[in-house]
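What follows is a set of notes on a single structure, which appears directly below.
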């Protein structure tokens, strides 16, 4: 038996079949499911996030789904704290935490920990917002490029939340976000030669995706069109009607939602919205693959294989997750 309690990560790109395999594992093992998805946290965003149905969630409860209103933000640090609490509760009940989802930044935060960033400062944020109103976000992006060119290269000028956070970190602490992350990398390795991580668990990491990329692309297109047929536009209309929601929020910037939002604003035709929604989802999958290719200690499975459950169970035994 492992000296640390077991945990399972089930990763993969969007539309790869993670949820189905997670539920099959939950039928076979004493698991508790914990969602690792930055869009599934939001209430009222069900169709466009491919959230499991109420019936499935009743049968297979997931922690960290429907925990925020779309007007609220949710950081990787908040996820890490919530996930660690959920994992500890599952372990205390003698169950295995099974974390499933495709938000790779969240997995990274769990495995590596987070850099010690300054907390939010309301006065600094208010000043930045006033500057943005007066000068525009492009001007703030130029400011960031002067003090933290690495972050400026990663953050688009039209991403106000991340742009404001990077400037806030610098103004509050006097050290750039990039420098703080470099210090973290020097102190904490992703994995050392022994595979140790920052989590107090023996972690088995599974990944699922179609072996052929065109299969995933076809799945993405089919699923997006199905979402539209299931009432995705009406779902976004309900969000669009709220005075406290706008296109700059993380919830509305979620893939699919921002394209339908632009359609409702009259910026896109129906055909353009559909095409851009599919393209944006494919781009998301590409980014997820990029993360996964750099990941250590992953056991890959083909989405189209008919024996993924027994293969996963066999692997979990080989890495001492199961007796």
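Glycine is no exception: its Cβ is also placed from the backbone N, Cα and C atoms.
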For the annotation region 'Interaction with substrate tRNA' in Swiss-Prot, which listed range does it cover: 29-32, 33-36, 37-40?
37-40
If you count Cβ atoms within 10 Å of each one, which of the recorded positions 14, 19, 103 comes out on top?
14
I need the neighbours of the ATP site defined by 12, 13, 14, 15, 16, 17, 18, 19. Which other residues of that chain put their C-beta within 8 angstroms of the C-beta centroid, in sequence order?
102, 208, 209, 303
Around the recorded substrate site, report the further residues of that chain (criterion: Cβ within 8 Å of the mean position of the Cβ atoms of 14, 15, 16, 17, 18, 19; site residues excluded), sequence-ordered.
12, 13, 20, 50, 102, 208, 303
Run through the Cβ atoms and count how many others sit within 10 Å of the one on residue 125 (site 'Interaction with substrate tRNA').
16
Sequence gap of 6 or more, Cβ distance under 8 Å: name the residues on the same chain that satisfy this around residue 17 (ATP binding site), in order along the sequence.
208, 303
Looking only at DSSP and grouping its letters into three states, which state does residue 19 (ATP binding site) belong to?
helix
